[in-house]
Amino acid sequence: MNRESFAAGERLVSPAYVRQGCEARRSHEHLIRLLLEKGKCPENGWDESTLELFLHELAIMDSNNFLGNCGVGEREGRVASALVARRHYRFIHGIGRSGDISAVQPKAAGSSLLNKITNSLVLDIIKLAGVHTVANCFVVPMATGMSLTLCFLTLRHKRPKAKYIIWPRIDQKSCFKSMITAGFEPVVIENVLEGDELRTDLQAVKAKVQELGPDNILCIHSTTSCFAPRVPDRLEELAVICANFGIPHIVNNAYGVQSSKCMHLIQQGARVGRIDAFVQSLDKNFMVPVGGAIIAGFNDSFIQEISKMYPGRASASPSLDVLITLLSLGSNGYKKLLKERKEMFSYLSNQIKKLSEAYNERLLHTPHNPISLAVTLKTLDKHHDKAVTQLGSMLFTRQVSGARVVPLGSVQTVSGYTFRGFMSHTNNYPCAYLNAASAIGMKMQDVDLFIKRLDRCLKTVRKEQSKESDDNYDKTEDVDIEEMALKLDNVLLDTHQDASS
């Protein structure tokens with residue numbers, strides 16, 4: 001309702017009451033105006049009524065919601081199901097145009113505004129999380145792997161002779177397939193073991209750059225967030241190598257926004273060397289449904305090139321989800337989640353350490369990994385891999401999700417490349433282990449319940465091992481007795497034959 005509508009309402013209801021209602025609406029509109037003017041995440045989260053008012057105001061700016069609209073084209077925002085329309089708040093046209101995912105749509109001013117605001121808020125949050133000099137970013141409706149592929153395809157036009165991507169090994173399929181899908185040949189750099197940690201082999205990276213030649217290398221594809229005992233790559237040193245040899249640098253920062261350490265590495269890498277783009281997942285960092293990522297970088301024109309490489313329009317759902325989430329939380333709410341995640345990491349680490357010591361295991365020392373932890377399973381692995389994998393199955397059936405059990409000697413072929421010791425990020429890690437991570441949104445009760453269930457599972461596996469060992473001992477004893485009996489029979493038979501002769 002506008003000023004004229006409220007004035008008309010005063011003829012029906014007491015003007016004092018109408019003015020009070022008008023002031024209440026203005027408080028909502030004030031929040032919306034500040035958002036549009038500043039383009040930053042509000043400090044305090046919005047209530048649902050303000051959010052829904054804002055989304056409704058945006059939606060009625062799209063042509064499919066115009067009263068009396070007459071659409072005669074092939075894509076007019078028609079939706080058969082009212083439930084589907086409500087699910088999307090009647091944003092039907094998506095974002096971008098055929099030539100640029102960030103472009104404004106003439107038919108959909110509201111959706112275009114939504115897209116611009118979302119990108120602006122996400123940029124603000126990336127700066128808040130620690131990458132202060134980031135120049136530009138945009139939300140893309142693809143998960144991390146395909147978003148990395150889009151970055152590689154953009155670089156292809158800049159480096160047409162290049163055919164290789166140098167990739168410090170991380171055993172995660174989507175980031176590996178992102179290079180294959182883009183049509184490049186991954187050059188796998190094995191990690192080096194330093195204490196318990198698996199770290200970037202910088203000498204091997206330099207040697208490979210010199211061997212292949214900088215012009216033949218599309219980029220170095222590094223990683224921040226990862227499963228322990230692997231730790232984030234040495235981003236600063238890799239960034240310097242890239243700057244010295246004139247090689248682009250793409251960083252897989254999948255769930256690194258929630259970690260101040262990962263974001264600091266990116267900021268420092270850009271300060272001392274070269275980082276062209278870094279890619280992060282929406283669902284892992286902002287607790288929204290799977291299907292979106294953020295591509296960000298320090299060169300505005302390069303990020304724009306990536307957005308123009310996306311073919312066609314795109315779904316607005318990931319942008320809508322993260323916009324609603326950030327406006328609901330506010331920057332203070334998101335900072336609180338980041339703080340709680342750090343606290344939960346310390347709590348999880350302490351609880352796992354206590355439990356592991358009770359079973360003669362130990363928490364691996366991985367101080368450079370700020371999100372993931374690993375605990376040894378040496379006493380289980382002593383017997384056979386079956387006990388290790390059984391533990392993983394037991395946790396899963398007891399509704400413990402996210403924990404990874406990594407046995408020794410696993411071999412996996414991904415897109416024609418064979419990885420020994422797959423899931424452990426190296427060919428021969430010294431022991432089997434269990435992973436757990438403290439990610440954004442984890443609560444203390446999640447940790448307590450996990451520790452309780454892990455304790456029960458370890459007890460059960462130990463009992464079964466002990467029983468199996470006893471059974472094997474009894475069987476061995478029976479075989480030994482049988483062999484002795486046969487020998488005694490033969491001796492007696494020989495003695496009898498000698499006596500007869």
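Cβ coordinates come from backbone N, Cα and C, glycine included.
TrEMBL annotations:
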BINDING   Arg75  pyridoxal 5'-phosphate binding site
BINDING   Arg97, Ser98, Gln105, Arg313  substrate binding site
BINDING   Arg271, Arg398, Lys463  tRNA binding site
MOD_RES   Lys284  N6-(pyridoxal phosphate)lysine
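Same-chain residues with CB within 8 A of the center of the Arg97, Ser98, Gln105, Arg313 CB atoms, the substrate site residues themselves not counted, are Gly94, Ile95, Gly96, Gly99, Asp100, Ala103, Gly312. Cβ crowding, taken as the number of other Cβ atoms within 10 Å, peaks at Lys284 among the recorded positions Arg75, Lys284, Lys463. Under 8 Å, Cβ to Cβ, and six or more positions away along its own chain, Gln105 (substrate binding site) finds His93, Gly94, Ile95, Gly96, Arg97, Ser111, Ser112, Arg313. Just so you know, of the binding-site residues Arg97, Arg398, the Cβ with the fewest other Cβ atoms around it within 10 Å is the one at Arg398. The Cβ of Ser98 (substrate binding site) lies under 8 Å from the Cβ of Pro311, Gly312, Arg313, each of these being in the same chain and 6 or more residues away along the sequence.
Once Cβ contacts within 10 Å are tallied over all protein chains shown, the binding-site residues Arg271, Arg313 are led by Arg313. Distance from the CA of the residue listed as 'N6-(pyridoxal phosphate)lysine' to the CA of Arg398 (tRNA binding site) is 23 Å.
Counting only the Cα atoms, the space from Lys463 (tRNA binding site) to Lys284 (N6-(pyridoxal phosphate)lysine) is about 37 angstrom. The two recorded residues, Arg271 (tRNA binding site) and Arg75 (pyridoxal 5'-phosphate binding site), have Cα atoms 45 Å apart.
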